[in-house]
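> Among the features that Swiss-Prot reports, topological domain 'Cytoplasmic' is placed at 1-6, 71-79, 124-130, with the record citing sequence analysis. Among the features that Swiss-Prot reports, transmembrane segment is placed at 7-27, 50-70, 80-100, 103-123. What Swiss-Prot records for 28-49 is topological domain 'Periplasmic'. Among the features that Swiss-Prot reports, domain 'EamA' is placed at 55-124, with the record citing sequence analysis.
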Amino acid sequence: MTNKGYFWVVASLVLASAAQVLMKSGMLALPSISMTHWPSLSTLMAGWPVVAVLVGIICYGLSMVCWFMVLRYLPLSRAYPLISLSYAVVYLAAVFLPWLNEPMSLRKNLGVLIILLGVWLVSRDAQATK
């Protein structure tokens, strides 16, 4: 039963991370909106940026469905820390995907390493107490 839980954790993690990347990609390509000038609805709804944002929202919804399955199969104290792995996945995607092209820095890398270390420590503790 635990393996099913980890499958659903990975599915939730992948979908939530994909949602972030899709929504960011779509929002970068949409025209700017200011309080004084609103683009027409046809301008906002045209093309792939809106599709990327909508697919990202769908990915979030599917991620939540996967999370419900995680809650069925894993203890919350073991499952919830694993979701923080999405921070590392999204950071790496933002750095390595050419259209996002976000800068890598030592400080951010250390932050991601601390997150990974924390997940490892919590997971190890959960396994040791079993």
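From the backbone N, Cα and C atoms, a Cβ is placed for every residue, glycine too.
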> Helix, strand, coil residue numbers for the domain 'EamA' (55-124) per DSSP?
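Breakdown, helix to coil: 58 helix, 0 strand, 12 coil.
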> Take the topological domain 'Cytoplasmic' (1-6) and find every residue of the same chain, 6 or more past its ends, with a Cβ under 8 Å from one of its Cβ atoms.
69-70, 72-74, 79
> On the DSSP side of things, how many residues of the topological domain 'Cytoplasmic' (1-6) fall into helix, strand and coil, could you say?
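When I sort the residues of the topological domain 'Cytoplasmic' (1-6) into the three classes, I find 5 helix, 0 strand, 1 coil.
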> Do any residues of this chain, six or more beyond the ends of the topological domain 'Cytoplasmic' (71-79), have a C-beta under 8 angstroms from a C-beta of it, and if so which?
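The answer is 1-2, 4-6, 8-9, 122-123, 126.
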